[in-house]
């Protein structure tokens with residue numbers, strides 16, 4: 001087929017007309033290509049048309065084209081798109097995930113070597129994988145982990161493999177106590193049982209391709225054309241595999257956008273896009289900068305936001321749909337008001353239009369889901385099942401409540417005995433467990449236990465726990481946090497200030513949920529049934545969608561409401577702390593995440609903002625202002641560090657201050673550039689400009 005006939009077919013049958021940049025991307029080839037596509041640029045259509053161009057116009061055998069995608073859904077979408085556009089004219093090549101491809105390499109290697117191929121741990125064990133991690137946590141940390149803690153450990157193991165971390169670097173991951181032992185225990189179990197997980201597919205495939213020249217040659221000869229979709233979400237080891245595959249033919253076509261790389265926690269490696277020209281000196285970088293989705297007003301604010309990032313290619317994103325409505329900033333003064341506004345917008349949605357409520361974390365959706373269910377408003381939950389009991393904070397609160405309702409509940413006591421202000425020892429727990437009888441209060445048993453604290457404190461604790469069942473649900477949560485001493489436990493045991501803030505955030509959302517119920521038993525019923533409700537809402541078809549920003553990637557809606565736009569939530573406390581300490585990688589990813597959220601909107605975008613929506617030190621997310629304020633012109637790299645234009649805070653050595661992340665501290669020294677503060681014995685040097693602009697330090701008088 002001639003090139004002209006290919007484009008005529010698309011225009012006449014489907015009304016598809018390519019822009020100059022899209023056309024150039026379709027017909028390019030002969031060398032490594034990186035195609036940078038802004039949101040709404042039509043990259044999937046361009047990628048499948050590029051594939052069709054290889055087959056129809058260059059005579060490439062479809063079986064020699066390997067197209068790798070980020071997930072199965074994307075692979076199915078591309079295959080369906082190719083079949084719809086070109087199925088009558090040419091056979092479809094293979095579209096698959098990189099994990100699927102790597103599994104084929106591992107199976108091929110096993111057959112060549114005449115050995116039994118490994119089996120997938122997820123297939124063999126299923127849900128028992130979590131039981132394995134629970135056993136490892138109990139073995140090394142002497143505690144039963146929450147589902148959330150198990151998922152964090154599994155995610156960190158995957159991250160380490162995707163980023164090709166050495167053991168010394170793995171030890172530095174801030175996950176949980178004895179993480180390295182848990183990591184090694186998991187790996188040992190798989191080796192002993194002949195099992196591998198999804199991330200092992202990558203490491204084994206890379207190892208086999210690098211160490212077996214015959215295997216590598218056969219794969220390279222089989223797939224002479226390598227294409228990669230969503231390249232910004234590809235991990236370091238995945239990029240290494242792709243590089244090895246394309247080493248011989250140099251026929252590489254990567255499509256991505258470093259501005260939309262938002263999966264750093266999984267090991268996404270957008271740096272590979274930024275160093276493309278260095279890795280492929282003969283390569284070429286193309287751009288598709290026309291956004292067909294959003295109005296100019298949305299595009300302009302999103303472009304202003306992302307321009308604050310430094311590690312990126314310059315792009316001039318522009319639209320085709322006209323100016324449209326300005327991005328709205330809706331002010332609320334409480335969490336409840338925020339959710340009532342969202343409810344009002346859902347009810348006012350005109351027929352035939354779609355609306356998405358997007359948030360940084362699933363916790364933000366919990367009170368909203370409950371409110372919508374009680375108000376009878378339909379919605380679809382896109383970001384997967386949400387179960388409050390999966391996180392340790394909710395499980396602890398419910399254990400305290402269970403102990404209040406039944407003082408003989410040994411399982412509840414076992415979960416929380418060391419999480420109060422009384423510091424009940426393991427010896428006391430062992431005594432209670434050894435002498436426990438049905439119907440006998442654990443507190444009465446403690447009267448004969450070897451308790452070394454003040455008995456009056458223990459008596460007061462038992463009275464406070466007993467009183468929980470009589471309180472209103474929101475008051476019950478506050479009592480657990482402050483009266484019983486759970487906040488002190490969180491402060492004492494969380495591994496960082498950002499982790500502590502995250503735990504308090506979960507308590508905030510739990511308290512907001514509790515406000516909808518008059519007694520603790522109705523509240524407990526809500527918590528118990530919440531997971532099942534969310535699973536049901538995953539299957540519902542509705543014009544209204546609730547989703548995390550991560551889950552919304554690749555989707556679009558007529559209207560988008562962005563909620564919980566607070567410092568510490570979006571951006572996260574972890575990113576803020578990292579930025580304060582001089583690392584910008586995490587805050588740049590949070591900026592990209594906000595950019596992705598904004599560019600899901602077609603016609604209307606509403607940023608729901610507040611000065612005080614939760615605890616008193618909450619501030620409006622910096623991203624709200626960054627959508628309107630372009631960054632300052634960067635200085636030449638050779639320029640010396642300028643003197644600060646901001647005067648340092650009026651602080652002096654010895655004064656006590658409060659920091660939103662690090663807590664209370666004592667000022668050690670103040671200069672125009674730096675403020676040195678000792679927080680609980682740890683000395684930190686803070687950027688003076690940042691402290692002034694973000695009002696990070698409050699003088700304690």
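Using the three backbone atoms N, Cα and C, a Cβ is placed for every residue, glycine included.
Features as listed in TrEMBL:
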- 37, 38, 39, 40, 41, 42, 43, 44: ATP binding site (BINDING)
- 16-295: domain 'UvrD-like helicase ATP-binding' (DOMAIN)
- 296-554: domain 'UvrD-like helicase C-terminal' (DOMAIN)
- 620-656: region 'Disordered' (REGION)
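Structure coloured by features recorded in TrEMBL.
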residue : record           : contacts (Cβ under 8 Å, 6+ apart)
37      : ATP binding site : 43, 46, 255, 256, 257, 287, 288
38      : ATP binding site : 257, 259, 288, 289, 290, 291, 315, 317
39      : ATP binding site : 257, 260, 291, 293, 294, 302, 317, 596, 599
40      : ATP binding site : 291, 292, 293, 294, 556, 599
41      : ATP binding site : 22, 288, 289, 290, 291, 292
42      : ATP binding site : 22, 288, 292
44      : ATP binding site : 77, 78, 81, 229
Confidence summary (mean pLDDT) of the domain 'UvrD-like helicase C-terminal' (296-554): 90
For residue 37 (ATP binding site), the three-state class that DSSP assigns: strand
Shell list (ATP; ref centroid = CB of 37, 38, 39, 40, 41, 42, 43, 44; cutoff 8 A): 46, 257, 288, 291, 292
